[in-house]
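If you check Swiss-Prot, you get these features:
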COMPBIAS  1-13  compositional bias 'Polar residues'
REGION    1-57  region 'Disordered'
CARBOHYD  8  N-linked glycosylation site
COMPBIAS  31-44  compositional bias 'Basic and acidic residues'
COMPBIAS  48-57  compositional bias 'Pro residues'
TRANSMEM  62-82  transmembrane segment
TRANSMEM  107-127  transmembrane segment
TRANSMEM  134-154  transmembrane segment
TRANSMEM  159-179  transmembrane segment
TRANSMEM  192-212  transmembrane segment
TRANSMEM  223-243  transmembrane segment
TRANSMEM  267-287  transmembrane segment
TRANSMEM  301-323  transmembrane segment
TRANSMEM  330-350  transmembrane segment
TRANSMEM  356-376  transmembrane segment
TRANSMEM  394-414  transmembrane segment
CARBOHYD  421  N-linked glycosylation site
TRANSMEM  424-444  transmembrane segment
């Protein structure tokens, strides 16, 4: 048996040592790389995501309900002032301050309401940048200042600037906080909370006409309007004191969502709302003057038709909103549009004070839903919830065109036959509301 040469053993040993050294280096390299692996996984699995998501809305509690009170006061001094314009229309028609046609006078209220919607469209991005307090202060100042200037006005142009533009711009600054703050504090109870806040517009539409009617005799027009300005000042201090922006959007919303124009249900509902507001504002502007001019009632009672209508609308803005949480807003707003159209047409047959009061009560209830439900409808039509602010602003901006046209168009129809074409006015208001209801039923 032959023995292996000793050098073979030395070669094998050297090879084994080389292999062991390579294994050691490989193992050392592997071990050295292991601590880095979790870091690589962490950096790829957890990229920076920006600020943490805000907690869900509390849906109650002292702070949340204080914001409902603040929202109530905002609606009290925005839509509440708009709803009271019918009393100013009746007073201006008397010629005590200036002599102008019904259509010219209605431009004051129409511009005021249009400014509310259009300025609200542009101030949405300011709100998104976190300037809630600035909007509240500027809007409150414009409303109070506008009324103080209105108390000094003697001509149509002065009234148009003070009441139409100044008060309207102030209301527009407050409109976005009206509809944007509460959804950050309520989700499951949003309809109820928003309905309670929106009822402030009805309360304003009751109190402001009564104040003007009761004080204009003993104090005159100037001091009566100043008292309205002081009431606005006191009530607007409440939202300035209690309202805070709970959630600041990560970035300011775009002014226009171009995809909305190809969204057929959204555009159909916007068109329907535009037509509904045309008919509704014809009713709000002229029902008081109708009672005095026919004459169905005396002048004093004619002033109270607007507060009666707005008192009923308080229930129309709360009950349907609360029901919308259960059965959906579209199942309510469509029949309300149809009901308003029928009631406006019923004014063609009204010849007694009792009949006029009944129409005012019923149209106030169903008309209140036409103002309270659209924000919920726009929310329901927006699939991408990050675009809610944009879509609400766009929708109300387009609806503002109907508000702008509604009153003056009705005034032009009325003035066609020496301020007596009431048949044409009520047919115009009734048909536009009926068409709006049918569009919602068919297309949305």
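From the backbone N, Cα and C atoms, a Cβ is placed for every residue, glycine too.
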For the transmembrane segment (267-287), distant same-chain residues with Cβ under 8 A (at least six beyond the ends): 83, 85-86, 89, 102, 106, 109-110, 113, 260-261, 305-306, 309, 337, 340-341, 344, 347, 356, 359-360, 363, 367, 370-371, 374, 377-378, 381, 394-395, 398-399, 401-403, 405-407, 409-411, 414, 425, 428-433, 435-437, 439-440, 443-444
Range from 134-154, 159-179, 330-350 with most C-beta pairs under 8 A to the transmembrane segment (424-444): 330-350
Counting Cβ pairs under 8 Å that sit 6 or more residues apart, are there three or more between the transmembrane segment (301-323) and the transmembrane segment (330-350)? yes
Would the transmembrane segment (134-154) count as touching the transmembrane segment (223-243), if touching means at least three Cβ pairs under 8 Å and pairs must be 6 or more apart in sequence? yes
Does the chain bring the transmembrane segment (223-243) near the transmembrane segment (330-350), so that three or more CB pairs sit under 8 Å (pairs 6 or more apart in sequence)? no
Among 192-212, 330-350, 394-414, which stretch has the most Cβ pairs under 8 Å to the transmembrane segment (107-127)? 394-414
DSSP three-state call for residue 421 (N-linked glycosylation site): helix, strand or coil? coil
